[in-house]
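Feature list (source: Swiss-Prot):
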- 1-15: signal peptide (SIGNAL)
- 118-412: domain 'Peptidase M14' (DOMAIN)
- CYS173-CYS186: disulfide bond (DISULFID)
- HIS176, GLU179, HIS304: Zn(2+) binding site (BINDING)
- HIS176, ALA177, ARG178, GLU179, ARG234, ASN251, ARG252, SER305, TYR306, TYR356: substrate binding site (BINDING)
- CYS245-CYS268: disulfide bond (DISULFID)
- CYS259-CYS273: disulfide bond (DISULFID)
- GLU378: active site, proton donor/acceptor (ACT_SITE)
Amino acid sequence: MLAFLILVTVTLASAHHSGEHFEGEKVFRVNVEDENDISLLHELASTRQIDFWKPDSVTQIKPHSTVDFRVKAEDILAVEDFLEQNELQYEVLINNLRSVLEAQFDSRVRTTGHSYEKYNNWETIEAWTKQVTSENPDLISRTAIGTTFLGNNIYLLKVGKPGPNKPAIFMDCGFHAREWISHAFCQWFVREAVLTYGYESHMTEFLNKLDFYVLPVLNIDGYIYTWTKNRMWRKTRSTNAGTTCIGTDPNRNFDAGWCTTGASTDPCDETYCGSAAESEKETKALADFIRNNLSSIKAYLTIHSYSQMILYPYSYDYKLPENNAELNNLAKAAVKELATLYGTKYTYGPGATTIYPAAGGSDDWAYDQGIKYSFTFELRDKGRYGFILPESQIQATCEETMLAIKYVTNYVLGHL
């Protein structure tokens with residue numbers, strides 16, 4: 001056994017070697033009351049390098065909301081002076097980002113093998129997709145639906161008992177590279193499917209009657225970059241013509257109101273929509289797969305973080321979907337079910353009004369393809385840790401999310 005347990009010391013330097021160290025950086029939360037406050041934050045963002053965590057961009061700030069953003073150490077005093085001089089109410093969520101990053105891992109001594117209760121790098125996840133498939137050939141098959149900009153295979157797991165013409169649910173994780181709890185959930189879902197099939201009645205029924213297409217990591221290149229260079233990286237790693245700025249926001253790259261609102265045409269921005277809809281190899285691979293399997297896919301679930309929300313269309317427009325009442329009731333019930341385990345409170349509603357307008361999202365695109373049950377899950381937390389959710393919260397987060405996913409699945413199964 002010891003021959004297979006190679007222990008390595010993991011520190012921030014080794015997990016993110018030769019990259020950003022984040023020493024002394026802070027995460028602020030500002031209370032925004034009115035348009036004047038919004039204008040002030042626009043002014044701040046134009047003069048300082050601000051990394052917006054929630055919302056994703058300064059352009060998405062709304063009155064009567066809170067705004068979370070990261071500030072580099074050398075800009076801290078200037079930002080604090082600006083906030084105080086303009087009487088903007090704020091608090092510091094994270095006082096030293098490096099310290100929180102170091103504490104994210106439960107232990108500095110880690111096994112090199114896969115663990116469902118720890119964050120796994122892409123090399124480990126890739127090996128896991130092969131292993132979990134080979135160990136469960138009667139439940140799981142693996143295919144590569146495309147490659148990333150840097151040539152990594154985009155693996156999709158088909159989870160379910162083999163059968164003809166089965167309806168399916170598509171679920172993806174890892175759109176935004178820094179949202180590590182998202183990646184962890186797709187792995188946890190597969191774990192639950194494997195462990196509880198034949199023992200737990202709902203999962204057994206689901207896998208007998210449905211297939212789950214599970215995409216563990218879409219933005220593989222970006223995810224690798226968060227482990228090797230910059231933990232706060234969000235976008236893909238594709239090059240852009242005419243600039244040294246790298247990457248596109250994959251969740252602004254779908255042909256759903258593409259680049260009309262809540263998205264940027266500037267390749268240097270975190271919400272850059274790309275040179276065209278589906279310009280990214282990753283989003284094109286996902287969209288092609290769904291288009292090719294549209295007759296069987298009955299629900300689309302995309303997992304993100306953070307803010308504890310279940311969202312449904314639309315985000316690119318304030319219009320409501322045709323089955324708004326049904327989606328609202330389903331989201332409400334799923335949120336209630338989720339809270340039964342640990343009391344975690346989620347909000348729910350249409351994306352544009354519940355969180356912020358954002359064009360080019362995969363959930364809106366899937367809905368417009370005719371998949372009428374389309375949801376975005378924004379997992380824990382509400383900002384205490386933000387994208388740096390500790391490993392100690394992986395299990396609880398995944399367990400409660402499973403309740404909501406299973407509730408939605410059961411509903412979809414009953415409304416085919």
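Each Cβ is built from the backbone N, Cα and C atoms, and glycine gets one as well.
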- Item | Candidates HIS176, CYS245, CYS259, CYS268 (recorded positions) - the one closest to ARG252 (substrate binding site) by CA | CYS259
- At the Cα level, what's the spacing in Å between CYS186 (disulfide bond) and CYS245 (disulfide bond), rounded? 30
- So for CYS273 (disulfide bond), how many other CB atoms are inside 10 Å of its CB? 26
- Please state how far apart, in Å and to a whole number, the two most distant Cα atoms are among HIS176, ALA177, ARG178, GLU179, ARG234, ASN251, ARG252, SER305, TYR306, TYR356, the recorded substrate-binding residues. 20
- Query: Taking the binding-site residues one at a time (ARG178, ARG252, HIS304), which has its Cβ surrounded by the most other Cβ atoms within 10 Å?
  - Reply: ARG252
- How big is the gap, in Å, between the Cα of CYS268 (disulfide bond) and that of HIS304 (Zn(2+) binding site), rounded to a whole number? 22
- In angstrom units, rounded to an integer, how far apart are the Cα atoms of CYS259 (disulfide bond) and ARG234 (substrate binding site)? 18
- Cα-Cα distance linking CYS273 (disulfide bond) and HIS176 (Zn(2+) binding site), given in Å to the nearest integer: 13
- Item | GLU179 (Zn(2+) binding site) to CYS173 (disulfide bond) - Cα separation in whole Å | 9
- Should any of the recorded positions ARG234, HIS304, TYR306, GLU378 have a Cα within 10 Å of the Cα of CYS173 (disulfide bond), which are they? HIS304
- Note on the structure: Cβ neighbour count within 10 Å, max among the disulfide-bonded residues CYS245, CYS259, CYS268, goes to CYS259
- Message: Between C-alpha atoms, which of these recorded positions comes nearest to HIS304 (Zn(2+) binding site): ARG234, CYS245, GLU378?
- Response: GLU378
